[in-house]
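Step one of this worksheet: look at the structure below.
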Amino acid sequence: MFIDIAKVFIKSGKGGDGAISFRREKYVPLGGPNGGDGGDGGDIILKVDTGITTLLDFKYKKKFIAEDGENGGASKCYGRAGKDLIIKVPMGTIIREEESNKVIVDLSHKDQEFVLVKGGKGGKGNAKFATPTRQAPHYAEPGMPGDELSIVLELKLLADVGLLGFPNVGKSTLLSMTTKATPKIANYHFTTLKPNLGVVAVDGIEPFVMADIPGIIEGAAEGVGLGIQFLKHIERTRLLVHIVDISGLEGREPFEDFVKINEELKKYSVKLWDRPQIVVANKSDLLYDDEVFEEFERKVKELGFAKVYKMSAATRDGVDEVIKEAARMLKEIPVKELEISEDEMYIPEEKKFTYAIDIEKDEEYNTYVISGTFVDRLLSAVNIHDADSLRYFHKVLRNKGIMNELREMGIEDGDVVRLNDFEFEYLL
């Protein structure tokens, strides 16, 4: 099964908590703090794997969560960092942020790696909080939470040459005759339901990658059939080989088909429409009258194309000429990165980690309630039964401006302040 788009949720690892510990050793009655730091959480890393050609793995696994860092230990032992989670993706995968649909990264190079989200920093142990005036801190810092993100993976095949044309014109036959690719071939429409890639390696020419794009039909640019899905795979190709069934045995008019396909390209992307094309009149062995080819060639040249190649993929007649022309043109067409404007790029906000603080007055009980993620983090860092730890606790409240805000709200001496399950009386 060929899967070229997937949505997944990712989350980096949480940092380990710093330890609260004191040196306990015989003959050392006043051993100081020796709590170690927590380890950093694991990162989420994307890596290109050329052995993968589809996003099928993401059809069954939708969540990727990196390992948390270990908590710090006694004797200044640092917690082990969480293992990074490496997610392998096919070359040509574009990563978008789901909500905005903006591009985070274009993974288009062999073995390319990209750190998608960093793990949370490990918290400091109480050894780091010791000062000449605070020699035995009974508090430590909890680890920072990991980052999370919902992303869309979109695969756009990387090929030098794209085979373009209506269904059943001979694209798969040409690919199978010139590469080791084995696309399904049969004499009916939509035999090919997924793109196929093959490497053209012929003596005397530089090898190149060719893609058989499933047959595009009229209205593809508006999403008729699987048009949009197929058209996007052509975007990365440098050269198009536009194949037309010149025999007309299926009741189609070759020139009309040629024009319609180009109209679909233009509707989808002007840049794609403007891409160099080699025009190929296939199934020439079934042609009953050479005038049909000559008329087609004349009309195509009137549109500005220099030449039409007469070919029969089934008998290999004219195939070598088309392949050599493709190789020649590729030498003159520079390799370009996928163009992504600033407006299309997802730029994450710089995270100076801040925690929400909410202060409300409970009129019924005349209590000031402080809540939010800041409270959760602060309470997890202190020992409320230790006087030194409580002094640190009140210092943080002052430094964060919470005490000033309480005074502005009209708090009075003896009023109760509650943080989760912890309460204290406010004293002027």
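The backbone N, Cα and C atoms fix where each Cβ goes, and this holds for glycine too.
The GTP binding site annotation in Swiss-Prot covers 165-172, 190-194, 212-215, 282-285, 312-314, and the record cites sequence analysis as its basis. For the recorded site, Asn168 (GTP binding site), the DSSP three-state label reads coil.
Counting every protein chain shown, 23 other Cβ atoms lie within 10 Å of the Cβ of Ser172 (Mg(2+) binding site). Per Swiss-Prot, the feature Mg(2+) binding site maps to Ser172, Thr192; the stated evidence is sequence analysis.
What Swiss-Prot lists as domain 'Obg' is 1-158.
In the predicted model, the domain 'OBG-type G' (159-331) shows an average pLDDT of 81. Marked as domain 'OBG-type G' by Swiss-Prot on the basis of sequence analysis: 159-331.
Residues or ranges marked as domain 'OCT' by Swiss-Prot: 345-428.
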Residue pair Gly165 (GTP binding site), Ser172 (Mg(2+) binding site) - Cα distance, angstrom, rounded: 11
